[in-house]
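This report concerns only the one structure given below.
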Amino acid sequence: MLNSAMSVVILAAGKGTRMYSDIPKVLHTLAGKAMVQHVIDAANELGASQVHLVYGHGGDLLKQTLKNDNLNWVLQAEQLGTGHAMQQAAPFFGDDENILMLYGDVPLISVETLQRLRDAKPQGGIGLLTVKLDDPSGYGRITRVNGKVTGIVEHKDATDEQRQIKEINTGILIANGADMKRWLSKLTNNNAQGEYYITDIIALAYQEGREIAAVHPARISETEGVNNRLQLSRLERIYQAEQAEKLLLAGVMLRDPARFDLRGNLAHGRDVEIDTNVIIEGNVTLGHRVKIGTGCIIKNSVIGDDCEISPYSVVEDARLDPACTIGPFARLRPGAELLAGAHVGNFVEMKKARLGKGSKAGHLTYLGDADIGDNVNIGAGTITCNYDGANKFKTIIGDDVFVGSDTQLVAPVTVGKGATIAAGTTVTRNVADNELVLSRVPQVHKQGWQRPVKK
């Protein structure tokens, strides 16, 4: 019976030279999240009691980026192979727990595959994840005798006959803690690379008469690693295609699945329609019958039923109640809130502002640090002047207010219910309910005016 306790070791010490970057390889992002974070999340979802992260290059940046994860940090000062990396983590292994070995640059490994690997691990043996490739060049080959796994031969150490083998090692395996420590202590670096290979424990286990169970992933892409940006971009497209397929099968209409990116989590209702080149980031909720036009970016926002977001709008940390419309070219920044039926049109920006039920801001407007009531009309070119160079101040506009075009509201200021602000007005003092307020420079007419000419 398999012990349920399990720790996970994630190898993340490589320099990633072929990325040509100052950022550690495992921190390069896939779907908006560091590659290693995908692996950590899988380990946690699998129920790991502890996640050990073996690091080397860029340790400070790794620790800063992953500071919210409950990790045991294991330093590999010299990169002397995968076996050497595991040797650094071995003192933390419990004898009775299982140890699952993963890689920080293999981001698409699925929880389902890892569950099957864990369940397939024989008592006292090893569970090994393998795949068959048409072109296995460069990979360690799985050797078998009478169908049983007997070892792994690295490509550089393989004979011509062994290089014909199509089944290769993915590097992902699981074994008992006490067994793992014993096998790790027996590793040598007598090979072409002069490194300590974790793969040598397969032969050690076989020599002890232990069973090695080989498991295949649902998709080969789950085990593909990243060594350069071309490989990373390829995995990005594979991941996005998988997410798009899931959404389509769940009833979301993606007009072109190849031109949609999900960089987080999307909860959705029925009959949602998403046009091309839309990016969803963070945690986003779309209600029933939501329509999103081409080129939009939605991040960490809640969009209510029957809302329509027209093309090239950006919505971040915002909330839209049902039946709101925004765009095209609208920008809702953090703290923007639209109540039911509100409308924000083209080139309107909102930040930390609330737009009441049925209220409209149609064109060329900035609403910041504002609380706007119901059924308010905000004319084109209106600006809430909320910043004095040092501090932010609030604008409050009551229900049923009409704000004419080209109005400036110099905060802090309050406009009462039913008030009318004439076009071109600069409001610097509070306005009472139902008042008309206007401030304009007198209009001057000069007959026969001659324009200046260039000298």
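Placement of Cβ uses the backbone N, Cα and C atoms for every residue, glycine included.
Acetyl-CoA binds Ala380, Asn386, Tyr387, Ser405, Arg440 as Swiss-Prot records it, and from the list Ala353, Ala361, Ala423 the residue named for this site is Ala423. Between the C-alpha atoms of Leu11 (UDP-N-acetyl-alpha-D-glucosamine binding site) and His363 (active site, proton acceptor), the distance comes to 53 Å. Secondary structure of the region 'Linker' (230-250), assigned with DSSP and counted as helix (H, G, I), strand (E, B) and coil, comes to 20 helix, 0 strand, 1 coil. Distance noted between the C-alpha atoms of Ala423 (acetyl-CoA binding site) and His363 (active site, proton acceptor) is 14 Å. Asn227 (Mg(2+) binding site) and Ser405 (acetyl-CoA binding site) are 56 Å apart (CA-CA, integer value).
Each of the binding-site residues Gly81, Gly104 was scored by the other Cβ atoms within 10 Å of its Cβ; the lowest score goes to Gly81. The Cα of Asn227 (Mg(2+) binding site) lies closest to that of Tyr387, out of the binding-site residues Asn377, Tyr387, Arg440.
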